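Each remark here refers to the structure printed beneath this line.
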Amino acid sequence: MYLDLRPGKRKIALGICVVFFISLTLSLMQRTNRDQAIPQPLAKCWKLKELLGTGNVLEKSILNHMSSSDKELVHAVEKWPLEGEDRKILAQLLLTQECPSQPNATALAQYRAELGQCCNASFWLAVTKENTPLGSDILLDGNAGKKIKVKTELMDLLPKRSPFSGIQYDQCAVVGNGGILQNSSCGQEIDQADLIVRFNLPLMNCSVDVGTKTGLVTLNPSILQEKFKNLQARRKPFADALSPYSSALVFIPAFSFVGHSDLSYRALYTMEDFGMMQRAYFLNPHYLSALKKHWKDQGFHPPRLSSGFMLISVALELCKHITLYGFWPFPHDLADQPIPHHYYDNVMPKRGMHAMPSEFSHYLRMYAQGVLQIRLGKCW
């Protein structure tokens, strides 16, 4: 095949080439002008997303993208009793304050697809008759090598299928217990969500800050041991503690450690005996192990994932829009004022069990990607 370029046609072809070249030059000039016109704050936010996306937030150039007020805060937090890694995480946070995140449905869909493939919370999150046959073994995720045989007595306690089968939520609020919620006035906003997740039966004593509604609440067996004397004496205090949660799903990690299963069964019996509106579900160690492996493959492998990180992962599968409240791993707020560990007390957690600052760093990265929102400070 060849091109026939006779004299007349050559002129036409040359003219077309000249027009094309001029158009291309003008287009490139316009693009250059647009690039030069990008506001500095937006350029800074692009840099933030680049840093969070690569995990390389530790470089000194990060300070070049902070406002003067943010730099002052960085110098202020240097006085906080934080380890070096925690200070670096805080630097990420200070950058995000001037970079409002835009929802990114594509990024969220990628998280949903990856977590759905590895873990499938809608099917595996709860132990059910559908995913745990009679005679099978449940492997404890917290005690390697230990297992529980599924007998008829256990099968009678299990629901037929997952409460999340075939369900997608629009707005989800995942509410941590951090002292950052104090005086936040976030209660009304939280209560507008379609699914509201809470942790470890927190006190619901300040509706203005934390709201009144709950769709799912976790219950660690350690709470049953410490607050309710293993449910071996009076059980009414436990029933009273559940009453603010109306018809919430109560998820209990019954099969993480030896001895927790019988205690979890007693919690379920108590709820039935007192005619409580809530329904107890047992967290499936199969799901927890799969989730731990998934995040380990992503380069994150703490001793044990917190219930907060676990249920945020669940929300990434089940929710179209996610907002986090009460997640804050530091002893001061952004105004450099001391705050309690929880919004209802200042009892510190056991050291070494969870990696809260590192988990928070992951939340910030998700925020920068437009996957979720994080509420810090006041909601109005």
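Using N, Cα and C of the backbone, Cβ positions are placed for all residues, glycine too.
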Recorded disulfide partner - C172, candidates C17, C319, C379, source TrEMBL: C319
In three-state DSSP terms, the structure that C172 (disulfide bond) belongs to: strand
Spatial neighbours, same chain, of C319 (disulfide bond) - Cβ under 8 Å, 6+ residues apart: Q168, Y169, D170, Q171, C172, L195
Other CB atoms within 10 A, centred on C172 (disulfide bond): 25
